Amino acid sequence: MASHSSVSYRSVRTGGTSAMIGSSGYGGSSSSRAMGLGMGAAGLSMGGGSFRVGSAGIGGMGISSGIGGMGISSRAGGMSAYGGAASGGAGGFVSGGVPMLGYGGGAGGFIGGVSPGIMASPAFTAGRAITSAGMSGVVGTLGPAGGMVPSLVSRDEVKNILGTLNQRLASYVDKVRQLTIENETMEEELKNLTGGVPMSPDSTVNLENVETQVTEMLTEVSNLTLERVRLEIDVDHLRATADEIKSKYEFELGVRMQLETDIANMKRDLEAANDMRVDLDSKFNFLTEELTFQRKTQMEELNTLKQQFGRLGPVQTSVIELDNVKSVNLTDALNVMREEYQQVVTKNVQEAETYCKMQIDQIQGISTQTTEQISILDKEINTLEKELQPLNVEYQRLLTTYQTLGDRLTDLQNRESIDLVQFQNTYTRYEQEIEGNQVDLQRQLVTYQQLLDVKTALDAEIATYKKLLEGQELMVRTAMADDFAHATVVRSGTLGGASSSSVGYGASSTTLGAISGGYSTGGGASYSAGAGGASYSAGAGGASYGVGGGYSGGSSAMMEGSSSGGHSMYSSSSMKRSSSKSASASAGGYGTSGHDSTIILQQ
């Protein structure tokens with residue numbers, strides 16, 4: 001019966017994460033009654049690690065005596081195997097509440113069992129023993145296995161697992177799409193900031209010189225800030241001095257205004273005193289003239305009376321004699337009248353003179369007081385004028401100082417404005433230079449990171465090829481051990497993904513299976529080989545697991561994946577043993593950063 005082998009992969013490129021879904025083929029057999037059937041599984045890889053869900057198959061029916069292959073009778077049910085590996089020593093996977101072991105590197109992975117009541121094959125026992133050793137090396141001689149294994153996982157559980165993985169994959173894809181959109185937005189913003197300048201390295205820019213320039217600029221900015229503070233302090237001092245001088249000027253101006261007011265009042269008093277003096281002088285002159293006129297009038301009247309009485313006396317002399325006892329002496333009467341009149345005139349003259357003297361003395365006293373007051377006022381005016389002269393000089397000096405300080409303050413303000421504009425321009429220019437230097441530095445960092453990624457990818461690819469060559473040598477050495485009934489496997493663990501090996505056991509008593517070996521790194525290369533009648537292949541570090549069926553012989557598969565080199569390569573080569581047909585194989589890929597995976601399968 002012809003063997004059939006098919007492997008299908010779907011690669012999803014999602015901006016730095018690659019996910020693969022693999023399915024197993026149909027197992028072959030060496031007789032017409034043996035057939036293997038593989039069920040599709042899924043594989044997922046993301047970031048720097050890997051996670052695989054290997055193929056699940058239902059083995060064919062063996063015709064051997066119960067030792068080889070699946071160790072069951074001709075009518076026994078098949079088996080299923082689930083394998084996987086998580087790079088970096090991740091934990092196992094639990095499906096349907098049943099913990100599964102695996103062949104993978106590190107402590108991760110899982111493997112399912114066969115259906116209840118089926119004896120585990122030596123290859124399965126060896127794979128489980130190797131897996132349980134974790135990252136440690138295993139040295140041992142394998143023999144027939146015994147004991148029971150966990151029950152077969154049902155189709156519903158497989159569907160649930162695949163549904164869960166598909167949901168996780170969809171969530172990862174959505175997240176990656178969102179991150180892609182955000183990345184495009186950030187690229188647009190960066191393009192707007194850089195003005196469309198490509199992020200290419202600038203060999204002419206020296207970061208040390210840039211840092212030195214930035215330090216010098218910051219120092220200059222600090223010095224300018226200190227200078228500005230000093231100028232502000234000087235301006236404040238000048239303003240305080242100007243305010244003090246202004247207050248003094250206002251005080252002196254108030255004193256001057258008060259003095260001018262007092263002088264004006266004194267001038268008004270002096271004018272009033274002068275007017276009073278003139279009035280009193282005029283009154284004095286009027287009274288003097290009136291006194292003179294009264295004297296003159298009285299003298300004229302007196303002279304007239306004297307003339308009258310004197311003319312009558314000598315001219316008319318008559319003696320009248322009366323014969324009366326009571327005769328009247330007219331001369332005596334006239335003399336008496338004259339004396340009385342003279343007394344009255346004298347009294348009036350004296351009263352008039354006394355009154356005039358009193359008025360004159362009063363006027364003279366008032367005039368003297370006024371004169372004294374005028375003299376005092378003149379002295380005070382002279383004193384105030386003398387005091388006002390230095391005040392005027394001080395006022396002129398303060399006014400000149402105020403104008404000078406005002407001009408200086410204006411000059412300082414203009415200079416400060418000019419310096420501030422220059423400082424702002426310098427600061428803006430320095431900020432632009434710093435931003436440009438930051439953009440150049442970011443561009444150089446991006447270029448450096450790209451080169452570092454390329455270097456890491458190349459190193460990982462070189463390491464992968466080295467391990468591939470080591471795996472091929474191991475396959476050649478193990479192929480020479482087909483005449484032995486038992487196989488000894490020695491592998492040592494390595495960091496990041498460790499190494500693992502599995503063996504296959506013969507399908508019959510006359511034909512032994514070839515030893516299958518595996519090797520894994522932390523998400524890097526992996527090799528798996530399956531051999532024997534109804535053996536399973538074991539993989540590590542993200543490899544796959546297949547189930548084969550047949551009478552004798554088998555095939556070996558070699559698979560390798562690289563996680564950091566920018567691509568993944570999977571290859572499979574078969575080694576025919578005896579008259580066997582090739583068994584099925586499936587592989588789960590390991591993702592790379594933004595690149596699709598390439599699958600190569602050879603029979």
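Positions of Cβ are set from backbone N, Cα and C atoms, glycine also.
Copied over from Swiss-Prot, here are the features:
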REGION    1-191  region 'Head'
DOMAIN    158-476  domain 'IF rod'
REGION    193-227  region 'Coil 1A'
REGION    228-240  region 'Linker 1'
REGION    241-341  region 'Coil 1B'
REGION    342-362  region 'Linker 12'
REGION    363-381  region 'Coil 2A'
REGION    382-389  region 'Linker 2'
REGION    390-510  region 'Coil 2B'
REGION    511-603  region 'Tail'
REGION    562-603  region 'Disordered'
COMPBIAS  562-587  compositional bias 'Low complexity'
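Residue counts of the region 'Linker 2' (382-389) by helix, strand and coil are 8 helix, 0 strand, 0 coil (DSSP-based). Sorting each residue of the region 'Linker 12' (342-362) by its DSSP state yields 21 helix, 0 strand, 0 coil. Distant neighbours of the region 'Coil 2A' (363-381): 263, 266, 269-270, 273-274, 276-277, 280-281, 283-284; these residues of the same chain sit at least 6 beyond its ends, with a Cβ under 8 Å from one of its Cβ atoms. In terms of DSSP secondary structure, the region 'Linker 1' (228-240) contains 13 helix, 0 strand, 0 coil. In the predicted model, the region 'Linker 2' (382-389) shows an average pLDDT of 85. Within the region 'Coil 2A' (363-381), the DSSP-based counts of helix, strand and coil residues read 19 helix, 0 strand, 0 coil.
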